[in-house]
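The following features are taken from TrEMBL:
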DOMAIN    143-289  domain 'Replication factor A C-terminal'
REGION    286-337  region 'Disordered'
COMPBIAS  289-305  compositional bias 'Polar residues'
COMPBIAS  308-330  compositional bias 'Basic and acidic residues'
């Protein structure tokens with residue numbers, strides 16, 4: 001075992017049985033001998049058994065044997081998942097784990113090889129692959145990386161919401177003050193601050209989707225917090241209509257045509273078919289463009305070639321409404337069609 005729920009084995013993690021019971025899963029990064037690091041998902045009873053055994057050891061267990069697992073490939077990455085019949089064994093419980101311990105003793109360098117950047121990396125998928133994953137019966141909450149181009153900002157619905165300054169949950173108007181809707185926070189005299197809740201239409205070579213920008217993701221895209229954009233609008237308009245909503249700012253509109261790498265998450269709302277919109281949690285740096293090296297007259301020059309993106313003309317300024325069913329019926333054709 002390399003990592004358990006993102007925690008390195010060498011840090012002797014202690015697992016929260018209550019949280020794991022709620023999540024119904026444990027994610028373990030494992031490496032068989034000197035092979036590649038793989039993700040192993042233990043579900044339900046297997047997750048509970050793993051947690052109890054893991055916490056019962058005086059020292060941190062390092063060798064794991066799981067019976068009857070399924071293999072899956074997500075975004076080119078091999079993953080293993082437990083089944084209802086899966087059983088969990090650790091360290092010196094059975095002969096195969098004892099044998100593996102003997103092998104580790106002879107190859108101590110293998111046990112120390114932990115590259116957290118590699119083993120915790122999110123799978124990279126196209127929009128089409130993410131939608132295919134959502135349609136799988138075994139799909140669970142997950143995060144993916146996806147590179148796409150913004151072709152519109154969705155108009156007709158608010159691009160921000162008023163959040164509790166403490167917990168960032170939505171606030172509502174009470175008789176005399178703002179009330180936080182979070183049961184954990186529950187402030188009855190909350191301070192409200194605008195936070196991003198913006199919908200953008202994006203596409204890649206496989207499909208089109210609506211991405212929802214939340215909080216920091218919106219700030220990372222535009223370079224400005226929502227509170228600053230809202231305040232600037234009302235200050236520029238002499239605070240007229242302060243009880244109304246600020247329109248979509250230029251900072252968001254100017255992102256149309258830009259390509260970005262997004263970290264998106266899929267949840268039960270996607271699996272149940274309630275929405276096809278994908279929530280963006282972070283904007284990531286784009287991968288560096290490959291360079292082409294040529295040689296002429298003993299001089300070498302590296303050149304990079306940028307590919308031009310196909311854009312869709314819009315006679316009405318690319319305005320859309322917030323009718324999600326209409327948005328989802330419109331599919332961008334694949335490049336070259």
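Each Cβ is built from the backbone N, Cα and C atoms, and glycine gets one as well.
A quick note: this is a predicted structure, and the numbers were derived from the prediction, not measured.
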- Message: Please list the DSSP helix, strand and coil residue counts for the domain 'Replication factor A C-terminal' (143-289).
- Response: 26 helix, 58 strand, 63 coil
- Note on the structure: Averaged over the domain 'Replication factor A C-terminal' (143-289), the pLDDT of the predicted model comes to 88
